[in-house]
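Since the structure comes first, as structure tokens, the remarks are kept for the end.
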Amino acid sequence: MSGDYEDDLCRRALILVSDLCARVRDADTNDRCQEFNELRIRGYPRGPDADISVSLLSVIVTFCGIVLLGVSLFVSWKLCWVPWRDKGGSAVGGGPLRKDLAPGVGLAGLVGGGGHHLGASLGGHPLLGGPHHHGHTAHHPPFAELLEPGGLGGSEPPEPSYLDMDSYPEAAVASVVAAGVKPSQTSPELPSEGGTGSGLLLLPPSGGGLPSAQSHQQVTSLAPTTRYPALPRPLTQQTLTTQADPSTEERPPALPLPLPGGEEKAKLIGQIKPELYQGTGPGGRRGGGSGEAGAPCGRISFALRYLYGSDHLVVRILQALDLPAKDSNGFSDPYVKIYLLPDRKKKFQTKVHRKTLNPIFNETFQFSVPLAELAQRKLHFSVYDFDRFSRHDLIGQVVLDNLLELAEQPPDRPLWRDILEGGSEKADLGELNFSLCYLPTAGRLTVTIIKASNLKAMDLTGFSDPYVKASLISEGRRLKKRKTSIKKNTLNPTYNEALVFDVAPESVENVGLSIAVVDYDCIGHNEVIGVCRVGPEAADPHGREHWAEMLANPRKPVEHWHQLVEEKTLSSFTKGGKGLSEKENSE
């Protein structure tokens, strides 16, 4: 289009020039000149893009101005209005507080400050003499009729709990200060024993008024400055009944406050448990076998019933009380294993209960045992403390005989037995069933992993994720290794998987197998549950017998059960030789 426009312009210019040259004085000259000027102006029009650019620029400038104005207003409000408001609010709220401190120095401002009364929400706590109210809902587990006070052994008192120092009423705090204990929100003082400060006196004052400023000055001078390094743990029944010698440690004298009516009453809410301050073993765990053998370690409740139609002994584990603390935090992670003596073929295990000394299990198990054999059988309970990174600690055990007589008791009356401290019990890691088959002509050794039973629980859920790894060993060195699949959340996995190794006939007398059951962890390192070893130079006689039977019966699978042991128990694969380390077994 630009070419046509220029041609038209040139053509009209030529016509105009010719007209001007031909008729200089013609009247149409002015009209021609006007037409040429209009055509020239039309050739250079003002584009619409310029108008759009100006409009867009004006919109952007306006928006930026509005944003800057908003930011400046917000900054001014934060710098000027908020500090002024806070200053004014504190001045208004601080006036009455100082006014209250003048005549009586209120404890709300002395202890915690802030303009609110301490313990207003717990004014009716039973420890403070007010109306009783429940702090939590009672737990009603399944088979609750077996836990009623009518059962054998009676009901057990509930475990007391601690209250936060900030939740005590002013009268309680006054009694604490009067008893020589300095209140604190972070680490409250532990009370002393007996009449020399054995507990905190949570009693209301005989007079209804607040203490004076002079009394507060005297109380401040009586407050001790020493503190214990940690908060006390929750109390148990055993702790509440423990009495210490008051002459062993000096305590500031207690100032008991009388109740209205002339009677004095003290509530014990904290007490030192001496066994918690004994020396700890490796890893911060306290030794559980230093005490006298057979000493009681709490109590366990259960119920028995025999089903004559199906020849089953039903065992229901209900709860345990007053277990000893095996962890450095003052608690344990208990679980119970049960099995029938003397064969121990079938074992059961409860779930692990975290951080408790009074676990409630309510789990039922069944043993298949004929009625004729029940009189010769004994039921064995083993209470363990779960430990994720080391060997589980044996808390205690109970051996029960006369099963038929006990099973005939009414089912609504549970049985209570004392848990006796056990000695050094052999680690029960489980058993592994596999077969060996050797083909001399093909030089092939086939290891068929069939199943495992009663494996050690390695996870907090009370289960493991086991797989089996077999390693071909020669002179303490690993030549080859094979693995099975992983079985999730089980202690009795079934595999039925074959692991094949190439072994020349001339070398079969110089090699052996190290078979490890490993717990798989998606995060972290896999952990070895237990190992067993077979071969001509195996330390276990059962492993040597299995290998010899395989060589004596070529082309036939020879199946055996093997007891799993800890890696450190079998320090070497051969007699006097060098074995695989735990790291090599877990790889």
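Yeah, the Cβs are placed from backbone N, Cα and C, and that goes for glycine too.
As the structure is a computational prediction, the values presented were derived from the model and not from experiment.
Taken straight from Swiss-Prot:
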type	residues	note
TOPO_DOM	1-54	topological domain 'Vesicular'
REGION	10-34	region 'Cysteine motif'
TRANSMEM	55-75	transmembrane segment
TOPO_DOM	76-587	topological domain 'Cytoplasmic'
COMPBIAS	183-205	compositional bias 'Low complexity'
COMPBIAS	229-244	compositional bias 'Low complexity'
DOMAIN	296-417	domain 'C2 1'
BINDING	Asp327, Asp385, Asp387, Asp393	Ca(2+) 2 binding site
BINDING	Asp327, Asp333, Asp385, Phe386, Asp387	Ca(2+) 1 binding site
DOMAIN	428-562	domain 'C2 2'
Of Asp327, Asp333, Asp385, Asp387, Asp393 (the binding-site residues), the residue whose Cβ has the fewest other Cβ atoms within 10 Å: Asp387
List of residues, in chain order, with Cβ under 8 A from that of Phe386 (Ca(2+) 1 binding site) and at least 6 apart: Asp333, Pro334, Tyr335, Val352, His392, Ala457, Leu460
Three-state composition of the domain 'C2 2' (428-562), taking helix and strand from DSSP: 15 helix, 67 strand, 53 coil
Within the predicted model, mean pLDDT of the region 'Cysteine motif' (10-34): 67
DSSP state at Phe386 (Ca(2+) 1 binding site), helix/strand/coil: coil
Per DSSP, three-state class assigned to Asp327 (Ca(2+) 2 binding site): coil
